[in-house]
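Chemist: Quick paste from Swiss-Prot:
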type	residues	note
REPEAT	75-115	repeat 'WD 1'
REPEAT	124-163	repeat 'WD 2'
REPEAT	166-205	repeat 'WD 3'
REPEAT	209-253	repeat 'WD 4'
COMPBIAS	399-413	compositional bias 'Low complexity'
COMPBIAS	420-450	compositional bias 'Low complexity'
MOD_RES	S453	phosphoserine
MOD_RES	S456	phosphoserine
CROSSLNK	K463	ubiquitin cross-link
REPEAT	533-573	repeat 'WD 5'
REPEAT	583-623	repeat 'WD 6'
REPEAT	626-665	repeat 'WD 7'
REPEAT	719-759	repeat 'WD 8'
COMPBIAS	859-869	compositional bias 'Low complexity'
MOD_RES	S905	phosphoserine
Amino acid sequence: MNRFKVSKFRHTEARQPRREAWIGDIRAGTAPSCGNHIKASCSLIAFNSDHPGVLGIVPLESQGEDKRQVTHLGCHSDLVTDLDFSPFDDFLLATASADRTVKLWRLPLSGQALPSGPGLLLGPEDAQVEVLQFHPTADGVLLSAAGRAVKVWDATKQQPLTELATHGDLVQGAAWSRDGALLGTTCKDKQLRIFDPRAKPEAAQSTPAHENSRDGRLVWTGTQEYLVSTGFNQMREREVKLWDTRLFSAALTSLTLDTSPRSLVPLLDPDSGLLVLAGKGENQLYCYEAAPQQPALSPVTQCLLESVLRGAALVPRRALAVMGCEVLRVLQLSDTAIVPISYHVPRKTVEFHEDLFPDTAGCVPASDPHAWWAGSDQQVQRVSLHPARRAHPSFTSCLAPPAELTPATAQPAGTPEGFSSTPSSLTSPSTPSSLGPSLTSTSGIGTSPSQRSLQSLLGPSSKFRHAQGSVLHRDSHITNLKGLNLTTPGESDGFCANQLRVAVPLLSSGGQVAVLELRKPGRLPDTALPTLQNGVAVTDLAWDPFDPHRLAVAGEDARIRLWRVPPDGLQEVLTMPEAVLTGHTEKIYSLRFHPLAADVLASSSYDLTVRIWDLKVGAEQLRLQGHRDQIFGLAWSPDGQQLATVCKDGRLRIYEPRGSPEPLQEGPGPEGARGARVVWVCDGHYLLVSGFDSRSERQLLLYSAKALAGGPSAVLGLDVAPSTLLPSYDPDTGLVLLTGKGDTRVFLYELLPGAPFFLECNSFTSPDPHKGFILLPKTECDVREVEFARCLRLRQTSLEPVAFRLPRVRKEFFQDDVFPDTTVSWEPALSAEAWLGGANGTPRLLSLQPPGMTPVSQAPREAPARRAPSSVYLEEKSDQQKKEELLSAMVAKLGNREDPLPQDSFEGVDEDEWD
């Protein structure tokens with residue numbers, strides 16, 4: 001072979017379909033396992049749902065314009081760790097679980113009820129089953145890996161044919177060669193092993209694969225001597241290696257990608273040699289061509305995904321659109337949808353291209369377990385993919401013969417099986433998985449055909465799920481911002497705003513802070529702005545909620561400066577603050593004003609204390625202790641009686657400042673030490689903490705404020721990014737907006753005081769990263785346009801208002817279900833002296849109903865339109881219809897005339913007459 005031969009796949013394009021072609025309204029979940037979390041046959045797709053032990057089942061192709069219906073199959077009493085479809089029977093599914101068993105299921109045709117029990121049960125094993133794969137040539141043979149053991153099963157007898165020699169550590173991956181003769185494994189002991197299971201249980205070959213013991217995978221190429229492995233090197237960089245089993249001491253070639261902590265999922269099509277690499281928790285697919293003969297791993301294309309990938313699978317080659325030159329199709333599993341991503345080779349003609357689509361393995365097995373174990377190496381007959389020459393043989397495995405299925409009845413709670421549901425179109429939005437101790441196993445859940453039972457199974461949906469965020473018109477922007485300080489500490493929001501103005505730290509020396517008037521949008525002058533000069537670098541700043549003209553600024557000199565901005569705005573440079581608070585001995589982290597008491601301010605510092613100040617007196621009144629490391633964030637409870645902190649020492653604390661300087665409660669916080677934030681939610685009954693896990697994945701943790709020691713009630717993993725998510729909570733709607741500095745996406749979740757705790761809503765995405773994102777007071781919202789949140793987005797050179805609205809049909813009515821009475825947050829409920837003396841206040845409430853608008857709850861019901869019988873529409877025609885028919889007839893009559901045209905009778909002139 002010419003090593004410089006040009007590849008026919010060099011122009012391959014990855015195409016993402018429009019959202020209408022996505023399989024939406026799903027609730028996907030991921031388990032801590034080595035599986036891919038989604039698999040496909042030529043007819044069905046199976047994927048992990050957010051209920052432990054439950055799979056979602058959906059047809060691969062839609063029938064006409066009907067929406068694909070998602071059903072749910074309760075498989076196990078614990079997490080489903082891996083799954084696989086038979087290569088010969090599209091409706092035979094095998095599942096592996098953390099309950100240490102393997103089950104085989106006969107799935108019905110679309111429209112029929114799912115089975116209430118498995119067709120076969122294998123196991124139990126000594127550990128949770130991590131890997132599962134059917135044999136490529138023999139029906140009824142499959143391998144499973146659990147702990148350090150790998151078994152090859154004769155499923156017809158429900159007995160293992162052999163158990164391979166024990167590995168040195170956890171088996172992370174296992175795969176059959178294409179001819180079914182060999183079996184390869186990757187292990188946490190960093191060894192890559194090749195077995196001939198029919199010859200001996202010991203490894204025929206073994207070699208060090210990847211220098212790091214993190215998650216490793218392998219897949220075989222179309223040529224049985226070659227395989228591809230993925231893993232990590234000693235520098236924690238992700239790498240891909242191509243191996244030849246005949247020269248197994250070293251890899252033929254290797255490829256280093258990046259230092260992402262996410263393991264790579266290799267998806268290889270043996271016929272084309274195209275290799276797709278997908279990282280869980282990422283939003284990008286890499287496509288390479290594996291060419292063992294050269295040898296090389298040649299890059300083909302990259303695809304940037306619209307959502308985070310939770311799992312990935314290849315669609316069988318027999319299900320591809322060959323006339324459209326679709327050479328590969330990847331199914332991306334995200335939290336809320338399954339996205340089919342097609343890889344096409346551009347060709348000028350619409351025809352079947354033999355060079356792109358060689359014959360592929362058919363769906364009729366070559367042997368059975370007995371014949372294969374006896375030594376048969378007969379291969380599966382290959383079939384043409386040409387639509388005109390394609391045979392359509394059908395094969396039904398004997399492992400789980402089809403039976404006459406009847407709708408399953410609800411099973412009593414506690415049974416390991418019995419989870420079934422009739423097909424129904426899921427219209428509620430997906431809710432991310434909450435992996436906290438409050439979510440128990442769903443193995444005993446039963447369903448009835450009623451929609452109410454289905455909704456109770458799937459959980460509630462948020463009325464804000466269709467929220468729409470949009471940047472307001474440019475006339476409301478403040479532009480030409482220059483010299484912003486983008487290096488404020490991670491504990492600070494970066495800027496602050498109230499209903500009148502915005503305070504933004506500048507990069508210039510002297511700790512300067514610019515104050516911009518929101519009522520005066522437009523382009524700022526090119527000349528220097530009047531500023532507040534603090535003399536030292538600014539670490540945090542906050543507006544007094546009860547005095548819109550007072551700004552508190554914390555500096556690196558451990559001092560807090562209080563500035564008073566004139567009512568008409570800052571007209572000149574101010575160098576003398578109204579007051580200076582001293583007491584901290586180290587740099588200050590953050591500032592938080594009391595939500596109800598006037599002149600009360602809390603501050604945290606590198607001296608590991610939280611101090612509470614009486615601004616009227618200008619002195620420290622209370623000091624909170626007990627922190628052993630950096631304080632990431634603090635927050636007052638809505639009633640102002642308690643204060644919560646989250647710390648780098650991995651602890652979450654609640655204080656009663658007026659009662660004791662020591663914490664009232666302590667509990668485990670986020671595992672990661674990169675940063676965290678805390679906010680009180682659900683009327684002060686819960687604490688929401690945003691932070692990182694041990695793998696640097698951003699996550700949300702929800703704690704009961706009365707039981708911190710018990711750990712989080714729910715945990716939600718989001719994505720991998722370096723910046724801490726900054727939460728902005730709206731107590732009126734129960735919505736939290738989350739984004740980080742440098743992000744382009746704002747997450748929206750509705751928080752519930754019970755399971756499922758998190759209800760996902762539409763997120764807001766911007767084309768470029770923002771430097772800060774702050775929620776404005778509720779009174780800034782345009783209630784008539786059903787605007788439930790107004791925010792400010794800080795960009796590199798501008799400040800933009802962002803409105804979040806809810807689509808409603810009858811906007812002429814006041815949407816009282818969206819706008820309850822709101823707290824008058826700009827009026828104090830008591831003084832600092834009263835609060836420090838032990839008194840508690842209650843805030844006043846204010847209705848947001850505009851004058852002259854009627855609440856939608858009191859709106860008269862619209863009478864349904866009377867519909868005429870269909871015969872009326874068939875027999876009667878309107879005047880407009882009659883006119884259109886007459887014009888069409890006239891045009892048709894004129895168009896059918898074949899008389900010669902006038903210009904046809906004209907005679908031309910000789911060429912010499914033109915001179």
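The chain as shown is numbered from 1 upward.
Keep in mind that glycine also has a Cβ here, set from the backbone N, Cα and C atoms.
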Chemist: Using a Cβ-Cβ cut-off under 8 angstroms and a sequence gap of six or more, which residues of the chain neighbour K463 (ubiquitin cross-link)?
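Modeler: Looking at Cβ-Cβ distances below 8 Å from K463 (ubiquitin cross-link), excluding near sequence neighbours, one finds L806, D817, V818.
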Chemist: How does the model score the repeat 'WD 1' (75-115) in terms of mean pLDDT?
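Modeler: A mean pLDDT of 87 is what the model gives the repeat 'WD 1' (75-115).
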Chemist: What does the DSSP secondary structure composition of the repeat 'WD 7' (626-665) look like, as residue counts for helix, strand and coil?
Modeler: 0 helix, 17 strand, 23 coil
Chemist: Under 8 Å between C-beta atoms and at least six residues away from its ends: which parts of the chain pack against the repeat 'WD 4' (209-253)?
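Modeler: The answer is 34, 169, 172-179, 181-182, 184-192, 194, 259-268, 270-271, 273, 275, 277, 279, 288, 290, 292, 295-297.
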Chemist: Please classify the secondary structure at K463 (ubiquitin cross-link) using three-state DSSP.
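Modeler: Its secondary structure by DSSP: coil.
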Chemist: Which numbers of helix, strand and coil residues does DSSP report for the repeat 'WD 6' (583-623)?
Modeler: 0 helix, 23 strand, 18 coil
